[in-house]
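**Q** Here Swiss-Prot flags 277, 335, 358 as active site. Taken from Swiss-Prot, the feature Ca(2+) binding site covers 398, 400, 437, 447, 452, 538, and the record attributes it to similarity to another entry. Annotated GTP binding site per Swiss-Prot: 476, 477, 478, 479, 480, 481, 482, 483, 579, 580, 581, 582, in sequence order, evidence recorded as similarity to another entry. Look at Swiss-Prot and you will find 230-370, 370-371 tagged as disulfide bond. The feature N-acetylalanine is assigned by Swiss-Prot to 2. Annotation comment: Swiss-Prot describes 468 as N6-acetyllysine, evidence class similarity to another entry.
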């Protein structure tokens with residue numbers, strides 16, 4: 001009778017498997033695999049080698065605290081002639097004496113998470129059990145049988161593997177790209193993502209069921225949506241929008257997700273202060289990409305927050321056009337969420353592909369502050385019954401805006417306002433390029449098209465179906481040159497009278513600082529004039545906006561809202577026009593000193609010229625970049641920076657990975673907040 005088979009050690013082939021599974025950056029000390037794909041391991045036996053005729057090898061793989069075969073969290077499988085795609089299986093690749101090379105495969109629908117892999121050997125009546133090791137299983141966009149399969153290699157690289165990108169801010173007429181370090185493969189981030197799953201309320205309520213449901217990207221996406229904010233749980237970020245961030249970090253100051261997730265994990269899942277929509281979206285993007293779900297950050301300009309699902313945002317104003325009060329139903333200058341790519345077997349065919357997921361805490365969904373995933377195609381078709389939260393997202397891109405003027409006798413009169421259209425310039429980063437891609441067409445049919453009317457009919461969007469009132473008089477706000485922070489500049493109310501009659505009017509122009517979520521600040525410019533509109537004429541009325549007026553009240557959004565109200569007393573009519581202005585920050589210049597080589601020190605020289613007429617104090621540069629810095633670095637400048645002078649610092653980098661990387665920079669001082677810059681750096685082999 002053959003002696004018992006004894007395992008000496010197991011080599012999980014971490015580096016080789018990491019290369020094959022596109023997880024090399026995660027496979028420093030642990031095995032990270034993508035489901036539905038073969039992987040290798042090597043068994044070293046002592047005494048004698050494996051003999052197929054007398055030895056039986058049985059493998060076990062378990063995940064979660066209470067694994068079971070019924071829940072899909074426990075599997076037992078034996079050696080077979082070849083691995084079976086789509087199931088737990090193992091086969092022999094090669095044997096050299098006491099060394100056995102094996103190939104294993106996981107199902108394409110296995111729950112993601114940490115697994116324990118074991119081996120049982122049996123020879124006749126003898127048997128032993130061995131612990132082979134642990135591995136982490138992720139979703140697999142390269143596997144056709146996986147629910148997150150994406151058939152474009154360029155898109156897989158962009159939406160799963162790329163660790164840097166851009167988030168779009170500013171205003172619809174001045175879109176600003178902000179660099180961001182997602183850093184999903186940086187040290188400790190995968191552990192933070194797995195911890196996020198393990199402290200979510202659904203896991204704490206029913207651990208076995210939660211682990212089982214982690215097979216579905218729909219479920220995982222919804223969990224991540226709820227856990228990135230901390231409104232119901234031990235989530236990552238605390239939101240704040242009142243411009244008081246003294247006991248934390250301003251949302252505008254962040255330049256990446258890595259520092260946020262590390263802080264959350266290292267402080268025992270305590271909320272990180274503070275986030276706003278793009279920070280919530282960026283952190284969700286990092287987590288979902290890390291777990292293997294193709295994801296991108298999306299920005300919607302003129303985004304509606306409709307609380308009562310009537311697809312209508314109503315503003316009540318006094319006779320001067322001023323809002324009676326700030327309210328919760330508002331139009332945000334822009335709003336960010338993420339889209340993740342997946343199939344939707346729970347929905348009708350055609351609703352697979354990009355799914356909107358919004359982690360910013362706005363409204364509760366099934367009792368939790370989360371939103372989505374909802375099919376972007378369902379939004380485009382106006383199918384508001386679709387899971388999850390279709391009506392809320394539809395309103396974000398389609399709600400109508402009605403302005404009411406409350407007159408002196410208390411009655412209200414509807415004002416014409418053709419300047420504000422909800423859901424414009426929906427933007428995301430292009431695949432493989434540092435450019436913006438407009439994806440509005442994926443959410444909406446062309447304005448005025450028959451398809452658009454069909455969608456509004458299906459969604460019972462009655463206000464959008466009503467005919468727009470035309471008076472023959474039109475007004476829009478135009479801008480001049482030089483809209484940079486620190487400058488005085490002009491804006492213009494451009495008024496056209498396309499009728500044969502003369503019009504006696506009063507024009508009230510007002511400029512106020514504004515936060516990106518629509519909350520107004522103090523006035524920084526006004527004009528009140530009477531004018532006559534001659535028949536078939538055009539008029540351009542200027543409003544001068546001075547730096548000394550806006551400098552003390554501009555928020556970190558760098559936004560000013562200009563409103564024009566044209567009143568025609570004889571006709572008792574009001575015409576409203578608005579425009580949001582983004583004031584450009586000064587440019588951050590980045591020079592790379594030395595030859596960029598792997599595992600060799602590199603120096604970045606970072607500078608900024610003071611554009612203001614005053615000195616800058618308390619200047620701080622903060623830099624980070626996946627593959628360039630192990631952690632975020634900050635450099636303080638003790639001396640004041642006089643007007644017109646440049647402030648310059650040097651930062652040491654240590655590139656660990658070859659290829660293209662982004663160095664992301666933030667600059668703060670007493671008068672300039674959250675100035676961003678970046679530099680692409682190509683790292684060559686040592």
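From the backbone N, Cα and C atoms, a Cβ is placed for every residue, glycine too.
It should be emphasised that the depicted structure is a prediction, and the values quoted were computed from it without experimental measurement.
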**Q** How far is it from residue 579 (GTP binding site) to residue 447 (Ca(2+) binding site), counting Cα to Cα, in Å?
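**A** So the Cα of residue 447 (Ca(2+) binding site) lies 20 Å away from that of residue 579 (GTP binding site).
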**Q** According to DSSP, which kind of secondary structure is residue 452 (Ca(2+) binding site) found in, if we only use helix, strand and coil?
**A** helix
**Q** Counting every protein chain present, what is the number of Cβ atoms, excluding its own, within 10 Å of the Cβ of residue 230 (disulfide bond)?
**A** 22
**Q** Give the sequence-ordered list of residues that share a chain with residue 452 (Ca(2+) binding site), lie 6 or more positions from it, and have CB atoms under 8 Å from its CB.
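**A** The answer is 444, 445, 446.
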**Q** Could you find out if DSSP has residue 480 (GTP binding site) as helix, strand or coil?
**A** coil
**Q** Return the member of 370, 478, 538, 581 nearest to residue 358 (active site) in space, with distance defined Cα to Cα and candidates limited to these recorded positions.
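**A** Result: the closest of the recorded positions to residue 358 (active site) is 370.
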**Q** Considering each pair of residues in 476, 477, 478, 479, 480, 481, 482, 483, 579, 580, 581, 582, all listed as binding GTP, report the largest CA to CA distance in Å, no decimals.
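**A** Farthest-apart Cα atoms in 476, 477, 478, 479, 480, 481, 482, 483, 579, 580, 581, 582 are separated by 19 Å.
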**Q** Using DSSP and collapsing to three states, where does residue 398 (Ca(2+) binding site) fall: helix, strand or coil?
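**A** The three-state answer is helix.
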**Q** Let me know the DSSP-derived helix, strand or coil state of residue 437 (Ca(2+) binding site), please.
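**A** Residue 437 (Ca(2+) binding site) sits in a strand per DSSP.
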**Q** Counting across all protein chains present, how many other Cβ atoms fall within 10 Å of the Cβ of residue 480 (GTP binding site)?
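**A** Here the count is 12.
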**Q** What does DSSP say about residue 538 (Ca(2+) binding site): helix, strand or coil?
**A** strand
**Q** For each of the recorded positions (370, 371, 581), count the other CB atoms lying within 10 A of its CB, then report the residue with the highest count.
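**A** Counting every other Cβ within 10 Å of each candidate, the maximum falls on 370.
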**Q** Of the recorded positions 277, 371, 398, 400, 447, which one sits closest to residue 482 (GTP binding site) when you measure Cα to Cα?
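**A** That would be 277, nearest by Cα distance.
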**Q** Write out the long-range same-chain contacts of residue 335 (active site), meaning residues 6 or more apart in sequence whose Cβ is under 8 Å from its Cβ.
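**A** 277, 299, 300, 303, 305, 360, 396, 517 - these are the non-local Cβ neighbours of residue 335 (active site), listed in sequence order.
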**Q** Report, in whole Å, the straight Cα-to-Cα distance of residue 370 (disulfide bond) from residue 398 (Ca(2+) binding site).
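**A** The Cα atom of residue 398 (Ca(2+) binding site) is 20 Å away from the Cα atom of residue 370 (disulfide bond).
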**Q** Suppose we draw a 10 Å sphere around the Cβ of residue 538 (Ca(2+) binding site). How many other Cβ atoms does it contain, all chains included?
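**A** Other Cβ atoms found within 10 Å: 12.
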